[in-house]
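Taken from Swiss-Prot as is:
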type	residues	note
TRANSMEM	35-55	transmembrane segment
TRANSMEM	87-107	transmembrane segment
TRANSMEM	113-130	transmembrane segment
TRANSMEM	134-154	transmembrane segment
TRANSMEM	167-187	transmembrane segment
TRANSMEM	242-262	transmembrane segment
TRANSMEM	272-292	transmembrane segment
TRANSMEM	305-325	transmembrane segment
TRANSMEM	330-350	transmembrane segment
TRANSMEM	386-406	transmembrane segment
TRANSMEM	416-436	transmembrane segment
TRANSMEM	462-482	transmembrane segment
Amino acid sequence: MNYFPWLTIIVVFPIFAGSLIFFLPHKGNRVIRWYTICICILELLLTTYAFCYHFQSDDPLIQLVEDYKWIDFFDFHWRLGIDGLSIGPILLTGFITTLATLAAWPVTRDSRLFHFLMLAMYSGQIGLFSSRDLLLFFIMWELELIPVYLLLAMWGGKKRLYSATKFILYTAGGSVFLLMGVLGVALYGSNEPTLNFETSVNQSYPVVLEIIFYIGFFIAFAVKSPIIPLHTWLPDTHGEAHYSTCMLLAGILLKMGAYGLIRINMELLPHAHSIFSPWLMIIGTIQIIYAASTSLGQRNLKKRIAYSSVSHMGFIIIGISSLTDTGLNGALLQIISHGFIGAALFFLAGTTYDRIRLVYLDEMGGIAIPMPKMFTMFSSFSMASLALPGMSGFVAELIVFFGIITGQKYLLMPKLLITFVMAIGIILTPIYSLSMPRQMFYGYKLFNAPKDSFFDSGPRELFLSISIFLPVIGIGIYPDFVLSLAVDKVEVILSNFFYR
């Protein structure tokens, strides 16, 4: 048993160190940037060290457990712990946040507040992935909203207030259902409120009550994931946010919804999940086709990438609802894979906008010759997005396919039908993925854009793009690096469906 509070330090350090930013000089942008990037690197190294030396990947139980009494009156505890399910998203959070702070170097207006909000998000995300208490999970879930709202409303585009308001209305509305679900689970069947995850996992509920809890949690996670028809905040938010904020949104924020579906809906409410899983499968299949088709009709580059994110989330939903260890492992791999690819595409879209000041694809064209490095990286990540063999997206989608085909819960004809419709979605993906670089980089040169702004990627942008590209290739060639972390935990989760 390791008694050193590793997880508490990892959760609290970014927001505590971030609050010291306000003591730095107001106009010292360079100092603020380096301070923030050093905090992020130190946090990532600390997390990696703690996991390498104190985490056993073959143990499906909760590790690095910490339990401190926080508020005596409510019997509220600060409970943290990690398992194979949460270690991947935590490392992804550290990696993407570090690169997002590097991407945010051009931000000079109110840079102290900007970097503090990014570090506050960092703490909230790691706190969410490592919390073992339902109320703490809810608090960390809410801690995300205010930084994202401010990052949108203060550093967004022309319609930033509209998109920020839409974001807060959708996510706060979902949070109401999450709070109701948390309180319902906590207050059921005992005089003392039970907020501990371990106690709740072993609790059994009447079927009707479990279904009500399931629907409440599902709505909250469906908004964040997002699952259609609760997805309309996402394209507006991505269309207006600064690209460093988009990296955090696409790379981590959307994954919180998928993580919640697995951690709470699957693990705590297995009976209701087995009832709803066929409907989830249908929703996921429709989502792949709908979002891919809608993405094709988008003129705005960032909105097109946003709809591609919605389409890729469809594979995660199908993997979660397949009720097989293969399908769930595929969903977890897709969570990590799309975290890298989505963040990279938004970063490249944002840096391209910085140069040519155009957002609509039909106004772009002919910039491959003056910007060959940008062209190479954007084309590579577009290929990764369409699941090219050898890249992480291909392995993830293939494993989800195998998960459906090998599933025992569904009859042969529904499985074949869903596989066929998913295959249509995979055919649509290259159409919108490849039309982006075609419209941006090929064709006639722009005569209305100033020539002096056509400079190629600098060392910072190249370093950032390659840093994301290496894991995409690495996971594509050797996916067991990610799968080995969660495979034992996945078996434990799925055993609930067959032995409970």
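Each Cβ is built from the backbone N, Cα and C atoms, and glycine gets one as well.
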Check the transmembrane segment (242-262) against the transmembrane segment (87-107) for contact, please; criterion is three or more CB pairs under 8 Å, pairs 6 or more apart in sequence.
yes
Please work out whether the transmembrane segment (330-350) lies in contact with the transmembrane segment (386-406), by counting C-beta pairs under 8 angstroms that are 6 or more apart in sequence and asking whether there are at least 3.
yes
Cβ-based contact of the transmembrane segment (416-436) with the transmembrane segment (35-55), 3 or more pairs under 8 Å:
no
With CB pairs under 8 Å as the measure, which of the listed stretches 35-55, 134-154, 167-187 comes out on top against the transmembrane segment (87-107)?
35-55
Listed stretches 35-55, 167-187, 272-292, 386-406 vs the transmembrane segment (113-130), most Cβ pairs under 8 Å: range 35-55
Beyond a gap of at least 6 residues from its ends, the CB atoms lying under 8 Å from the transmembrane segment (462-482) belong to 88, 95, 99, 102-103, 332-333, 336-337, 340-341, 343-344, 347-348, 373, 377, 380-381, 384, 389-396, 399
With the transmembrane segment (305-325) as the reference, find which of 134-154, 167-187, 272-292, 386-406 contributes the most Cβ pairs under 8 Å.
272-292
